[in-house]
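First up is the structure itself, then whatever we jot down about it.
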Amino acid sequence: MATEEIGMRNRDGKATTTNGEHETNQEQIPLNPDVVIEEEPKKTCSQNCIYFFKNITLEPTVALFIIGYMSSAMTLSNLHIEKACRVNLNFPDEICTAMRQQTLDSQNVYERDVQRLVARAITWRTYITATIPCVLGLFVGPWQDKTGHRKIFLIIPIIGQILACVNNILNVYFFKQLSLEVLIFSDAIIDALSGGMCVMVLTVFAFISTISSEKTRTFRMGMVNFSFTVSFPVAAASSGVILKNLGYYGAFGISLGYHIINLLYSVIVLKDPPRTNDQKEHDRKGVGHFFRTFFDLSNVKETVTVVFKNGPNKRRLRMIVLLCVVTILFGPMFGEISIMYMSTRYRFNWDEVKFSIFQTYNFIVHTIGTIFSITVFSKLLQWHDSMLGIISTVSKIAASFVYCFAPNERIFYIAPAVEILNGTSLLALRSITSKLVAPNELGKVNSIFSLTENLMPLVYVPLYTKVYTATMEILPGAVFLLGAAMTLPAVIVFICLFVEHRKGLKKKPVKIENGI
């Protein structure tokens, strides 16, 4: 017969089970409140370093993909503006050259007209790159769980980025013959059909969840998140300088090199996780079997069911709340990324190098804040996840006002320091979610979360570009106030979670036997 025991809390704050064994205080594990972790001897710094390097698997794949992807994205932003100016709007060469070198006055009419055209084109690009990968994601996750093959869906997005770089080089070579629309839509279709960032991210987290134990999963996910965090400033710092000195061919060529190296590493070095006998039964069944198992509509139903499935520790409620938080947090982030470069060009007359410097500073400050929050608030002060979420979202809202009303670039640089504590909550989401589900549901739940994340640009990017173009003559920074308003519900959600957590600690524990 099944016996379920609920821990009892003693006077010194430690939880004690009914059989007398001690568990760790929940407040001591704010990133993982439901899993009991046995105490182990602390490792030395050298032991931690050895363990880190021995367990490197997906980190190079993530780093190379992000650096290549973001470097190409920065170069594309400039190419969009130059295509719109020289080809679509057919402005004189001296005007477009002055815009390229940022020697015109800030908030000039030429920059405004070009940015409005680019903003409309980016909106349509978002519809393509958000919808197609979302549909693919619904099938990719369940198929990975069913067959155990995960590496292939790391390789396909990398191949897609290689083709995208080649496509961008062709658009530079045939500059006058190919319009802005051809550049944007061809790049969007290649990115979308290969899965792009959506399929890459869901596969990475499903992969790392499969090869790690519950005890090491938070650390392994932290390593992957660290790869993401480090790669962004590297790409931001290098892309502007490379474009300035080597031009479009050099910038796209270097991005292409990153992806080719990544492809070789993923094919030769990276190995698929161990597979079960049930998963191996799908091997060598032919193309027809692949399409039947991949495009199985029952997989979509099973994927959606994962969210609403009942389970211990209020699984259904937690999954729904976590999805809501993902929606609220990722939306404004994607929206602001879509207009940030154009906003700084228009308001402060920045070029790609100045923007790269700012982005590097922004990511470094963000990383320092995240490390501080994890080590001080989480580890030392032992605050709960919901409290970290409250601090994170309030920090974001405060920074939105600085971004909006900054009269010059010096004040604008203060904004990242104001939101230095923003970002902690996102680290906890993946780890907590992976421990709410069974191992054979990891692909499905990562599909749902990646689907939610990828749908956010579909809603927020068009919204942000429309608000930006509508207010750029009145208050160019007004779009950042939209981010503050959108983040307010997240604060409310985290406050509710914190109140629920405190109430849960005060409840008198009971022993449940035989389901009674």
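Positions of Cβ are set from backbone N, Cα and C atoms, glycine also.
According to TrEMBL, the feature compositional bias 'Basic and acidic residues' maps to 1-25. Residues or ranges marked as region 'Disordered' by TrEMBL: 1-28. For 62-81, 122-140, 152-176, 188-211, 223-243, 249-270, 319-343, 363-381, 412-433, 477-499, the entry in TrEMBL reads transmembrane segment.
If you count C-beta pairs under 8 angstroms between the transmembrane segment (62-81) and each of 122-140, 188-211, 223-243, the highest count goes to 223-243.
Spatially, the transmembrane segment (188-211) is adjacent to the transmembrane segment (122-140); three or more Cβ-Cβ distances between them are under 8 Å for residues at least 6 apart in sequence. Sequence-distant contacts of the transmembrane segment (223-243) (same chain, six or more residues past either end, CB-CB distance under 8 Å): 52, 55-56, 58-60, 62-63, 66-71, 74-75, 78, 204-205, 208, 250-251, 254, 351-357, 359-360, 362-364, 366-367, 370, 427, 430. Against the transmembrane segment (319-343), stretch 477-499 shows more Cβ pairs under 8 Å than any other of 152-176, 249-270, 363-381, 477-499. Only residues 6 or more beyond the boundaries of the transmembrane segment (477-499), in the same chain, are considered here, and those with a CB under 8 A from a CB of the stretch are 321, 324-325, 328-329, 331-332, 335-336, 339, 343, 347, 384-387, 389-390, 393-394, 396-397, 400-401, 403-406, 425, 460, 463-464, 467-468, 471.
Beyond its flanks by at least six residues, the transmembrane segment (152-176) meets 58, 61, 65, 68-69, 72, 75-76, 79, 83, 86-87, 140, 144, 182-183, 186-187, 190-191, 193-197, 199-200, 203-204, 207, 248-249, 252-253, 255-256, 259-260, 262-263, 266-267, 270 of its own chain at Cβ-Cβ distances under 8 Å.
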